[in-house]
Amino acid sequence: MASPVADASRRRREKRRQLDARRSKCRIRLGGHMEQWCLLKERLGFSLHSQLAKFLLDRYTSSGCVLCAGPEPVPQKGLQYLVLLSHTHSRECSLVPGLRGPGGGEGELVWECSAGHTFSWEPSLIPTPSEVPKQAPLTHTTERTWCSEARRKQEAEGLECEHRERTQETRLSRRVEPPLETDPSVGEDQVVEEEEEEEEEEEEEELLSDASPWTYSSSPDDSEPDVPRPPPSPVTHTPKEGEIPPVPATLPTPCAVLASLGSTAALTSDTEVQMELSRTSQVPAELQMTESLDSPGSQAQSAPNPTCDEDTAQIGLRRIRKAAKRELMPCDFPGCGRIFSNRQYLNHHKKYQHIHQKSFCCPEPACGKSFNFKKHLKEHVKLHSDARDYICEFCARSFRTSSNLVIHRRIHTGEKPLQCEICGFTCRQKASLNWHRRKHAETAAALRFPCEFCGKRFEKPDSVVAHCSKSHPALLPVQESPGSLGSSPSISAPEPLQSPEGTSFSTSYDSNPAPSTSISSPGVPAPRNTEKS
């Protein structure tokens, strides 16, 4: 009866291994470049990571640029027209435009500067001077209606294209994947499980691609992240009395470029507007405020908008959360002085330290130990048994507890995480550190004589005198006064008194005043003999 179950589990493990191997071949590890990858995907307007990978592969294998329409080289007149458009923009705006991405039309590219000015260009677009109309300012209402209609149309086309690409990708992935070798004993249940796993994998990939932390809502014609910004509106400065506004007749600026721009009159010079406002001091303040709010270019070149600062300040204030008030809650059991800042911690303390205090007892009659927690009791019970479940992977030695295994493993790894804070001694276990600290405690108890200058302690007063003469020689004359000697009875005289015969005198630290001085000399007789004589 056990053989069919074993065969089923073996087949299940084999199927899982094949599925994992197939999935591992499809995975690509980006490492620390995930953020750049997601930003590139959003910048190019792709919704799936596989679309971006296919685009990069096509661009690498193709001989020409993928963004261009066809492998044919760009005509010279088309490049000249692009240079002309860039030159026209440079006359009106000092910012350098950059390639934003493909436009709405086939083969159309869109350039945009930091001020929001855009212009489109097609390689096949070569206008003649007769076809180029003169530049005429468009009204704000026509621009807004045209932009809204064009954006709605492009969004609808982008959604249809995205849906078509997703369906095609799923079909190709299902077609390319090799079918698993189905065993007739497996049955239809495993086939259903495989289909469900494939569907879950596809849904997970879509969720990961859509719910990445760097995703933004993007439109097909706008490859930049959808940042809320005010709609560009034309800024037309009124000429002075008797002044005729200049119209560049020799520079061909097509209507397609003016229509593709979100703001037709935004190509007018923002710098010239600022210079005009600075020259004319009679302009009211309200007009200056309206023009600075309407023109996006003036916002980019001038000082930051105060309204934006107020908005950001309000957002920052909203995000600041008030710190919760911490209440001091002492334990009300007699004899316990513990204080807690959280009600949950207090209840936990009462439950396991007072109410159910050591309710878990050891089942061994000779032991009689009790514990507050059940896990501590389980670890203790292992000490009474011969079970050694924790085995060292280096030497195959077994242990009863995991803590003993961790300490033993440090012998093989050479790790010594515990360190003495006094001398820097390192060890592997806490018992060795406690034994080492006893030496410092005994030594500190033996050092009874401190130095009054630096606080260093010594075992003998002579060591204090030698230390003072060596480390603090400049402070010794101050301490040789009688008042200072009487005020510090714990320290002997800095220098021992020398007799003419070479006898040295040293002050004793005994409590009795009688033997306060002692005379020691190897070649001189005792002091009592000299007194009698």
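Backbone N, Cα and C atoms are what each Cβ position is placed from, and that goes for glycine too.
Here is what Swiss-Prot says about this protein:
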COMPBIAS  149-178  compositional bias 'Basic and acidic residues'
COMPBIAS  190-208  compositional bias 'Acidic residues'
COMPBIAS  290-305  compositional bias 'Polar residues'
COMPBIAS  481-492  compositional bias 'Low complexity'
COMPBIAS  500-521  compositional bias 'Polar residues'
MOD_RES   Ser233  phosphoserine
MOD_RES   Ser471  phosphoserine
REGION    124-251  region 'Disordered'
REGION    290-310  region 'Disordered'
REGION    478-533  region 'Disordered'
ZN_FING   329-354  zinc finger
ZN_FING   360-384  zinc finger
ZN_FING   390-412  zinc finger
ZN_FING   418-440  zinc finger
ZN_FING   449-472  zinc finger
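Mapped onto DSSP classes, the zinc finger (360-384) shows 11 helix, 4 strand, 10 coil. For the zinc finger (329-354), the list of distant contacts is 372-373: same-chain residues at least six beyond its ends, Cβ to Cβ under 8 Å. Taking Cβ pairs closer than 8 Å, the zinc finger (418-440) reaches residues 407, 410-411 in its own chain, all 6 or more past its ends. Looking just at the zinc finger (329-354), the mean pLDDT is 88. Under a cutoff of 8 A between CB atoms, and with a sequence separation of 6+ in the same chain, the neighbours of Ser471 (phosphoserine) are Cys451, Phe453, Cys454. For the zinc finger (360-384), the residues of the chain that approach it from at least six positions outside its boundaries are 352-353, 400-401, judged by C-beta separation under 8 angstroms. DSSP places the residues of the zinc finger (390-412) in helix, strand and coil in these numbers: 11 helix, 4 strand, 8 coil. Residue counts for the zinc finger (449-472) under DSSP (helix as H, G, I; strand as E, B; rest coil) come to 11 helix, 4 strand, 9 coil.
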